[in-house]
């Protein structure tokens, strides 16, 4: 049976980094592993396969109970109530999952092959309140095994760093890209998408005018030539992983047996790409087409097949909004088949998406001169002609408006743009320009409305998002501004204007005097006149796990109507789960206070009932959406005085590697791979704790010094608090800045969660308490009372 390292080597060679490694794979045969990765994750051994049956028999212990993969099931197939580590989704950097955005392109033409493109997915519009909760919550993510110790991970990184060759960075696997950056001393943690890694590698290569050197050992030669993929993989596994992108081989004799096998393999890989494209996994499809093109390089392969591969890869890259690369692929297809209408169409479409209207027009016209009957080319030309300025009324009015704008005559510019829009109401640039003129006059609502129209007309055009973000930010809606800027960066991740705007929005979110601050101030003393009642504390409910929903629905509707509950994070893996859980608490308690945990800020892959990559550009965007949802259901995310003697202070937080006082440096394990932080993985704690400054100011100025202040965070504030015995867990558990903040507010009790270790400790006059519910709450489980009748308590009720 293969080792996990051998399986990872096979995955890297077959460019299948988008597929997760599973613990049960060590029970498969090497042929099964190869078949699984070559099929894009479709072909996997069934429980009846001889290999699995043999493995089960070997693994049965004395009482006949199988110890293999939970009776043959992989980790991804575990039950809802299966036990999981408190550090779910922790993976080493070399295994982080790809998270392509789920927003679709405007519509691509068919793939070149034996089928037509599947129809576009429809994004979900939100949950219907009448639906059952089970129909709104995704199955929990399966646990992913954490990597080994630091030395082992470093050795693997050094070994794999020698595996990449001088091919184009977009053709490398994720592991090759990361190893290249490690080798060149670049910081990995700021990159969460493959496209970002590719851009950074390309930048380094361009700046040094060099390519990745082949410094690693070459594979030893063998006297016997392997005759199948599995045999070749077996030879490689036995002697260590060779370079997955070998130098071009000598051309095979045409019509030879080896040449026939090569062509058959290329066609099989293409079929895997076609299946991935049908499933709308465009990044996986691109990997397969790139693999097929590498196999065909410098070999006497039919150029029609090669042109088809380039054309299909161009379609994949267009769907990922990498239009410059799609143009290059279209040109390669056209070079091999100059009379092919589809290739001309690929080039025209890419130029159109790059807003190079005149060149797109020429490309379509050239194609029609070759194939006058092509509907695809005629439609493309018709669409392009609507964008080419031909001296008409709209173009003339636009030119007048631009001239007025440059002269500072914004009223006249708006009038000119009005005329242009009347002549060309579908031109997004006109609304964008009018938005800029409106903003210059201070008409921010009108500027925002025009920017939204531009986005509606051209949803992948970054400028529309930039206009909208500016109008929203200047209008005092920093949370809306962040949405526009972050979503604009989906389409142009390097856009300086959008990046600066996003940073300005984040800075504004942290400040005193925002709309949110004013709303929280209005709520702060709403209940300050009430007599003291009970305060409950809970964390880590994990509402999407079996038992939690039943437990919450069974809570008394009359016993807690005067009470408050503190919810210290890790409510659910998805937005829907968090919302349903908080609504369940709000139906029972008078006040509900909440801060998010790491699970709550995951942007997990598209699930059965949610599509979070489409809904949230990053984890900050999801945080803001959670805040807005809490506003709607009357849940507090800011501080408040809840009685004459008690103040509750939520403290947002994230962990810092400096919390590990034995080794205060970044670790090799990437915890919470489903989070995406725009400021970088290791700086998320600075942003999150910065959100607390306005709350601390509110508590200091709005409440008498005699009140009991109860603060809460998800992560640990002190290094003395107990941690689970998991490698590098200290780097992903706490943040010392939380301790500084709670001390500045004269807190007497602090609630936290995350580690699932229920405990009570007192340090320097402050009591620290965790009451985590964990995965799968038993029926009738009671809640912990931490304050009652104006006094600190610790009992279950």
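Here the Cβ of each residue, glycine as well, is placed from N, Cα and C on the backbone.
As annotated in TrEMBL, region 'Disordered' covers the listed stretch 206-260 rather than the other ranges in 151-205, 206-260, 261-315. Residues 108-109, 112, 307, 311, 314-315, 318, 321, 323-324, 326-327, 329-331, 333-334, 380-381, 383-385, 387-388, 460 of the same chain lie 6 or more positions beyond the ends of the repeat 'TPR' (341-374) yet place their CB under 8 Å from a CB of it. Taken residue by residue, the repeat 'TPR' (341-374) breaks down under DSSP into 27 helix, 0 strand, 7 coil.
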